Amino acid sequence: MSIIIKVHARQILDSRGNPTIEVDVVTENGVLGRAAVPSGASTGEHEAVELRDGGKAYLGKGVLNAVNNVNTVIAEELVGTSVFEQNTIDQLMIDLDGTPNKSKLGANAILGVSLAAAKAAANELGLPLYRYVGGVSANTLPVPMMNIINGGSHSDAPIAFQEFMIFPVKATSFTHAMQMGTEIFHSLKKVLHDRGLSTAVGDEGGFAPNLAGGTEDALDTIKLAVEKAGYTFGDEIMIALDCAASEFYVDGKYDYTKFEGETGKIRTSAEQADYLAELAAKYPIISIEDGMYEDDWDGWKALTEKIGNKVQLVGDDLFVTNVARLSTGIEKGIANSILVKVNQIGTLTETIAAVNMAKNAGYTSVMSHRSGETEDNTIADLAVALNCGQIKTGSASRSDRMAKYNQLLRIEEELGSTAYFPGLNAFKIK
């Protein structure tokens, strides 16, 4: 047993220049575990609460209150606890907070400690984090969803959908998948440049061009980039969308004018489901995330019945990595996949519970970053530890995104012949 002797938090800056929290957990043997917490731009209403300071400093986005909660309340409780008792550590913090959404201490404070403790425990044993958390069965490298065109709340592009992603499903390994995705990313840059469009990137490293033709223009442009890179669109490369529909759901309608101006349409729930089905029929779209508003259960049901047998329907804002929300979705037969964001729920233990529930119900799991990231690469290890089979962590640019991809390259090398890359098998459409 190795005892925690120190828990210390500090305020650092994320990839958008906003404050976030970083936590150190130190054991009696002098072993350190360190974790930095990400932050989202488009957040679900049902997510655990990220504690911000308000006031003038950092435009109200400081996290010194969360830092103080770690350094006083949480530290006092955890010092003297075994670093290997992850469930106990997480439950102690949940009990200390005492709210259903972690609004007292802050999910950012609690998560930082939870992940730092797991890292310290892994380091104590001389194990990589993926092996400590996942045990001997942790060997699946995820297929990367590479976000190459940003829209919605992640850019200034006049497109409602937040992410247009490529899936290198015919890659033979994670290393090969990264090569394919990166080549297409550079090909897309040239395609956009030749059209006189901006090649500036959004929060997650994808391009944010002013595509006058909206969604279909983005998809057609990606198709051209894929082909110019020497790959087959619809075979070697498939498409995934993150609609982030909650971001443009207004007064019971899906209001595309919020991002697309006067060219955008306003759709009912039924029309939204029909529109997504039409896109999936026209383009090789294998996955759609948050195609409906997070509380539009009827809309989600209609969408699932319409295309859920052939398209992965991922719940992000819908499920917020929460077993209660996920359980409801499973009972209602809604969606068939869960997006996994550790900061939506706030502890490693609860994250693992959500992934296990999804697997037991036949739902797929997609490990995910947030738009506000740091150099912390914990989610790369967790994707392998939990055998998610898929990961969303941005484009082939920005060091905060590449940190995760590079860690996965290292893990694949370390696993050697035992590494498994699922390709199309990552998608178990019911």
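Any Cβ shown, glycine's included, is placed from N, Cα and C.
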Residue among ASP235, ASP242, ASP251 sharing the Mg(2+) site, where Swiss-Prot lists GLU289, ASP316 as binders:
ASP242
According to Swiss-Prot, LYS341, ARG370, SER371, LYS392 bind (2R)-2-phosphoglycerate; so which of GLN162, GLN179, GLN272, GLN312 is the extra one listed there?
GLN162
When a 10 Å sphere is centred on the Cβ of LYS341 (active site, proton acceptor), how many other Cβ atoms does it contain?
25
DSSP, reduced to three states, assigns ASP242 (Mg(2+) binding site) to strand
Could you give the Cα-Cα distance between LYS341 (active site, proton acceptor) and ASP316 (Mg(2+) binding site), in whole Å?
8
In whole Å, the longest Cα-Cα distance within the recorded (2R)-2-phosphoglycerate binders GLN162, LYS341, ARG370, SER371, LYS392 is 17
How many other Cβ atoms are found within 10 Å of the Cβ atom of ASP242 (Mg(2+) binding site), counting all protein chains shown?
28
For the recorded Mg(2+) site, whose residues are ASP242, GLU289, ASP316, find every other residue on that chain with a C-beta no more than 8 angstroms from the centre of their C-beta atoms, and list them by sequence position.
GLN162, GLU163, LEU241, CYS243, ALA244, ILE288, ASP290, VAL314, ASP317, LEU339, LYS392
Spatial neighbours of GLU204 (active site, proton donor) among the binding-site residues ASP242, GLU289, ASP316 [C-alpha, 10 Å]:
none
